[in-house]
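This is the structure I have questions about; it appears just below.
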Amino acid sequence: MVTILDRTKPDDKRIRHPEKAHKPDTEVLRKPEWIRVKAPTSKGYQETRELVRSHKLVTVCEEAGCPNIGECWEKKHATFMIMGEICTRACAFCNVATGKPNALDREEPANVAKAVRQMGLSHVVITSVDRDDLADGGAEHFEQVIWAIREASPATTIEILTPDFLKKPGALERVVAAKPDVFNHNMETVPGNYLTVRPGARYFHSVRLLQRVKELDPTMFTKSGIMVGLGEERNEVLQLMDDLRTADVDFLTIGQYLQPTRKHHKVERFVTPEEFKSYEDIAYTKGFLMVASSPLTRSSHHAGDDFARLKANREKKLLAAAE
């Protein structure tokens, strides 16, 4: 998937990660063969690139060197990142800029909806930076974007990938009430890594958030993803699966962590394709409707196709239960 940022001002040459500037460089491991991909050159990729340029948008995929950019852009898939490009958190794995964000762009919901319509998207993913500076964590903005897309492109299915709305009472309820088709909130890693990898978040708050979505709307699909290769143990990953199933999460994604810069958390190891397949098999036995587990899996990768499969798998499960 393409992660797109709507920028209204040019870069101000600010330090992208000021909180990491003082840290020593970490070792960058050589990527194994199963991680490497060909440089994007297809006609579809070039057309998407021109489309993005014509909308005066900037892609995180380009800046971060996402390994899936060629495949996703060829298919004209898009994930829009809303509420600016500056995050109030400072996760050790993430390449999004950190600092004090700008004010919300009130035209953004309409602009995103217009782009969705013009690009002819059948399925769109909306994500955002964390906005701890806002009273509702950006819940109203998510709501407005969903409504705008529904009006501009009624046939488009909507998947949201949200922050955790930590200490924002009522925020989650507002977003769920806007009726996205899929609610995704990534756990990112196992609980033992949170203090070093995701220090601004709370593991069981995220589990509870996903559980609460199902309580508010039992028909809404829920989804979560993690990275591996951050030093986690296998038994920790299996326990995380159990925690997500306790929250009735439908869809789990597991992918390899790739280090953005030498200032970010190091890759402890590259998990083999065979291990990813093992995780997938185990996750299905635990009751997930959908599992995507591979080195290059990302939470929005193949999102449209996966949504169709997710619906079909639920229908099969309901039919089997009725027999």
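Cβ from N, Cα, C; glycine included.
Annotation source Swiss-Prot lists compositional bias 'Basic and acidic residues' at 1-14. Annotation source Swiss-Prot lists region 'Disordered' at 1-25. Feature annotation from Swiss-Prot assigns [4Fe-4S] cluster 1 binding site to CYS61, CYS66, CYS72, SER300; the stated evidence is sequence analysis. Per Swiss-Prot, domain 'Radical SAM core' is recorded for 73-289. Marked as [4Fe-4S] cluster 2 binding site by Swiss-Prot: CYS87, CYS91, CYS94.
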Name them in sequence order: residues not among CYS87, CYS91, CYS94 whose Cβ is within 8 Å of the mean position of the Cβ atoms defining the [4Fe-4S] cluster 2 site.
ARG89, ALA90, PHE93, ASN95, VAL96, THR98, VAL129, ASP130
Round to a whole number and give the Cα-to-Cα distance in Å for the pair CYS94 ([4Fe-4S] cluster 2 binding site) and SER300 ([4Fe-4S] cluster 1 binding site).
16
DSSP on CYS72 ([4Fe-4S] cluster 1 binding site), three-state: which is it?
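For CYS72 ([4Fe-4S] cluster 1 binding site) - judged by DSSP and reduced to three states - the answer is helix.
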Cα distance, SER300 ([4Fe-4S] cluster 1 binding site) to CYS91 ([4Fe-4S] cluster 2 binding site), nearest Å?
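Pair distance, Cα basis, whole Å: 19 Å.
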Just to verify a number: CA distance, CYS72 ([4Fe-4S] cluster 1 binding site) to CYS87 ([4Fe-4S] cluster 2 binding site), in angstrom, no decimals.
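Approximately 24 Å lies between the Cα of CYS72 ([4Fe-4S] cluster 1 binding site) and that of CYS87 ([4Fe-4S] cluster 2 binding site).
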Using DSSP reduced to three states, classify SER300 ([4Fe-4S] cluster 1 binding site) as helix, strand or coil.
coil
I'd like the Cβ neighbour count for CYS87 ([4Fe-4S] cluster 2 binding site), meaning other Cβ atoms within 10 Å of its Cβ, all protein chains included.
22
For the C-alpha pair, I'd like the distance in angstrom between CYS87 ([4Fe-4S] cluster 2 binding site) and SER300 ([4Fe-4S] cluster 1 binding site), rounded off.
19
Specify the secondary structure state of CYS87 ([4Fe-4S] cluster 2 binding site) as given by DSSP, simplified to three classes.
strand
CYS72, CYS91: which of these binding-site residues has the highest Cβ count within 10 Å of its own Cβ?
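Compared across CYS72, CYS91, the most Cβ atoms within 10 Å surround CYS72.
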